[in-house]
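Over in TrEMBL, the protein carries these features:
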- 40-404: domain 'SAM-dependent MTase RsmB/NOP-type' (DOMAIN)
- Cys158, Ala159, Ala160, Pro161, Gly162, Ser163, Lys164, Asp189, Asp216, Asp242: S-adenosyl-L-methionine binding site (BINDING)
- Cys295: active site, nucleophile (ACT_SITE)
- 410-475: region 'Disordered' (REGION)
- 721-771: region 'Disordered' (REGION)
- 749-758: compositional bias 'Polar residues' (COMPBIAS)
- 759-771: compositional bias 'Basic and acidic residues' (COMPBIAS)
Amino acid sequence: GGAFLQGWAGGYPEIVKENELFERYYRELGIVPAGEWDAFMAALREPLPATLRITGYRSHAKEILHCLKEKYFRELQDLEVDGQKVEMPQSLSWYPEELAWHTNLSRKILRKSPQLEKFHQFLVSETECGNISRQEAVSMIPPLLLDVSPHHKILDMCAAPGSKTAQLIEMLHADMNVPFPKGFVIANDVDNKRCYLLVHQAKRLNSPCIMVVNHDASSIPNLQIDVDGRKEILFYDRILCDVPCSGDGTMRKNIDVWKKWTTQNSLQLHGLQLRIATRGVEQLAEGGRMVYSTCSLNPIENEAVIASLLEKSQGALELADVSSELPGLKRMPGITKWKVMLKDGQWFEEWKDVPSNRQTQIRPTMFPVKDEEKLKAMNLERCLRILPHHQNTGGFFVAVLIKKSPMPWNKRQPKIHQKLPQRTEDTEVTAANSGNGSDCIIEEPTLAENEESKKMQELQNSDTEQSKKEGVCGPPPSKKMKLFGFKEDPFVFLPEDDPLFLPIQKFYALDPSFPKMNLLTRTQEGKKRQLYMVSKELRNVLLNNSEKMKVINTGIKVWSRNSDGEQFGCAFRLAQEGIYTLYPFIHARIINVCIEDVKILLTQENPFLSKFSSETQKKVKDMAMGSIVLKYDPDPEKPHDLQCPIVLCGWQGKTSLRAFVPKNERLHYLRMMGVEVFKAKRKEDELENKTEEEVQHGLVQTEEGMDVEDKEHDLVTKMEAEIGEKSSQSPVESSAMEIENKIEDLEQFSKNANTHVSQESKDTDASNVKD
């Protein structure tokens, strides 16, 4: 719960919220409208309200919203704590369908009243299930502006900690009746540890269409896919490019920024941001859309990067006009004039004014375009800048780019195995130190007009050049990977004639259309303990890129080995994570249950058959023991009952029937049915405090493998709670291990996490601030 509410109130009296250089810099740039400066600064000094998003991924979203408004918010309506009326949570006016809310309730207040504690517990538990996501309001904007459809191939370039990735997955699954959308999300992060936090976030959504990879975004490899027997380069329909930034828009939650802010942070990051954005547009399909975003207000990291990209693209890119999208969101237009300032307060208006000894810190691409016609054609005012005082949020910047044609330096490249152009003599690549890391920066050629295209070729060249240099912002060398990261198990697809599948197919009467070729395991030898599933499109990506791609995780678990099951005809039981994907293909072992039966299944550990309705008892009577599907369909004639379908995994014994559902998911369904779970939860917490043995007793004994996963899940949750918002600042503070049988490694790792510092973590603090 602590992690969920981290940052809901201030509590850092030792940090003075003053920074003279910050005020001087932004006053001079004029990004805040006249007469609003005091309001702007006052808002920055106030703690950030907590925001939450109800995930639109499931058909349950409306039920959760209904429960939230009718039960929890209603209870808060006339509540007073210490004589003060509790402020009601408000929906974000610009977020579709009232699915995002913000509240000023602090952790202290939440613990003072039983009603508030109940609300707090509801939020924490629903977050664990993936039904609610704690996410800063401004961070929700980029995925909404990407305009995602279920068939889109999406790349999230700098994805950790994963709240925006989760939004993208939800959009793919807009239609819950389609188990395998044609689109997918490839979520990338440069830091191996943060990739596991990303896995944990994505895992809550149980999608077969997400893959987490670990690469330096500025040199992320071109992937190949098989198209009708031909190998072609994969171009993405949508790219989210939420780059590392100085983070001065996050001052309300990352209080350290007040003390540490200087213009140096932005100057050091500009080159990296431009390289990542350039790599993004190279991989974008024609007609595709890329959203560039930062949690910074600084034009050096924002408009300067966009203007440079537009200039070098020679008309291949254009800024989209999104002024009519997200009505209700107050935004400022992008600016067209700005200056560059060093940390000693020295200003420069043009590149020609910069002395030669400062030309490694300040680059030509940091200045606005001087040619008025060129500047006007760029439409920089189409960028969005969100100011904190307008709607009580953090500061943010977003630009939406459309690709109209191939990038000029890519036009003559063959589709496969293209060689990058050789280094041009007139351009020089130098490394400018950024803390202990280095950013490769393109020197401005002397003959500017004739060298435009050469410069951009060199920019792409720097991707390969930088991998040869030491200290670049990328994954550590392979030897260090053994120290800092886990060695991943392989992804092995089930062979067409694997004898393992036949008993499964027969036992569950799988539909002939079931895509068995998409089943995979994580073991090459020995018994296969778990079966996972990916979409057909992700299978294509995996099979054609195993050598060039470092995959951390993909697929959802659909079956788990259960040694007891073999005697009943099938050694594999259904897994709850994958049941919504599998259900449409299963034609046997389905029991339709009424709402009263569902309540019994979710509140009792191993109920006797005699406790269920006569209809359920009849259906079970002639069915063999083993894994089953329990399905609840809503009755439209009973509007007060739960109005969304539920599919549960269960086990039929000789005399009993039980559900195999994780604790938080049980609580979620019970809440939706109006069952009071608050006291039951407290009893469970007391039990947990007594002994581990008591808690592990029962479910663990029967369900092979569950104990391992629960321990792993608790460890991740504990790590998240300790990290809280810090996970957005330093990329080496957590790892959330997903794969079974690695718990001991993970526990050992979590003890030593603070003593291991990877290459990236040695960079300046500012360069690691990432929402």
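Each Cβ is built from the backbone N, Cα and C atoms, and glycine gets one as well.
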Message = In whole Å, how far does the CA atom of Cys295 (active site, nucleophile) lie from that of Cys158 (S-adenosyl-L-methionine binding site)?
response = 13
Task = Take the Cβ of Asp216 (S-adenosyl-L-methionine binding site) and count every other Cβ within 10 Å, whichever protein chain it belongs to.
result = 23
Inquiry  = Counting across all protein chains present, how many other Cβ atoms fall within 10 Å of the Cβ of Ala160 (S-adenosyl-L-methionine binding site)?
reply    = 27
Remark   = With neighbours defined as other CB atoms within 10 A, the best-packed of the recorded positions Cys158, Cys295 is Cys295
Ask   = Fewest neighbouring Cβ atoms within 10 Å: which of the binding-site residues Gly162, Lys164?
value = Lys164
Maximum Cα-Cα separation (Å), residues Cys158, Ala159, Ala160, Pro161, Gly162, Ser163, Lys164, Asp189, Asp216, Asp242 listed as binding S-adenosyl-L-methionine = 20
